[in-house]
Amino acid sequence: MSGAEPRRCGWPTGDALYLEYHDAEWGRPTTDADLLFEKICLEGFQSGLSWITILRKRENFRAAFADFDIERVARFGEPDVERLLGDAGIIRHRGKIEATINNAQRAIELIEAEGSLVDWIWSWAVTEPDRTDEGGIPATTPQSAALAKELKRRGWKFFGPTTAYAFMQSEGLTNDHEPDCFVHDACEAERVTFLANR
C-alpha cells in the first residue's frame, strides 16, 4: 500500500492546517447563515494578506466576533471596535473591523428583504467555472464583479470583485478545484445537490 499523498490543487502548501482547509472546507457549501457570514468576513480580512494567516487566526476571530453571529455582531459599537483593535489574535485593521460590523447590519437588512442570506447568496452560483485564456483560474469574473456591485449597492463594505470571487470559491458557488484534485468530484456533487435543493 502506497503512502503517497492524494492529488490536490496546486495552491495549498504543506502546512497541515492549509491542507485540512483545502480537503474539508474549500469549495463546500454551507446552509448556516452565520458560517456563510464568517466566510464573507474572513475573505475581507484576508485582503492583502495570505490565506494561511487568516486560517491560523480563525479561532481568535471567532472568539472576538461572537462566532460571527450576525445579530450579535450587528450590535457591536465603538467599545467593541476598540476592544478588537487591541486584540493581537486578529487582524487589527479599523476599516475591516468596522466593515464587519456594518456588513452584519446589512446582512440583517438583506435577510429581511430577501428571506434568506444563504438562498440569496446561492442565487449567484455559476454553472461552469470561468477560466483565463491560458486555462487558469481568474482573480475576478463577471459574476464576482456583479455580486460585489450588488452588495456595495446594498451598503456592504470591503467586498470587491476579487474578494467576492475568493468567497465564491470557498463557498462552492463555483468549483475551482483542479479537475484531477481528489476532492473535485465530491465538491461538485455537493454543489449540484445544494443547488437542486434551493
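Glycine is no exception: its Cβ is also placed from the backbone N, Cα and C atoms.
With a 10 A radius on its CB, C181 (Zn(2+) binding site) counts 20 other CB atoms from all the protein chains. Annotated Zn(2+) binding site per TrEMBL: C9, H22, H177, C181, in sequence order.
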- line: Near Zn(2+): residues not in C9, H22, H177, C181 with Cβ within 8 Å of the site Cβ centroid are R8, W11, P12, D23, W26, G27, D176, E178, F182, V183, H184
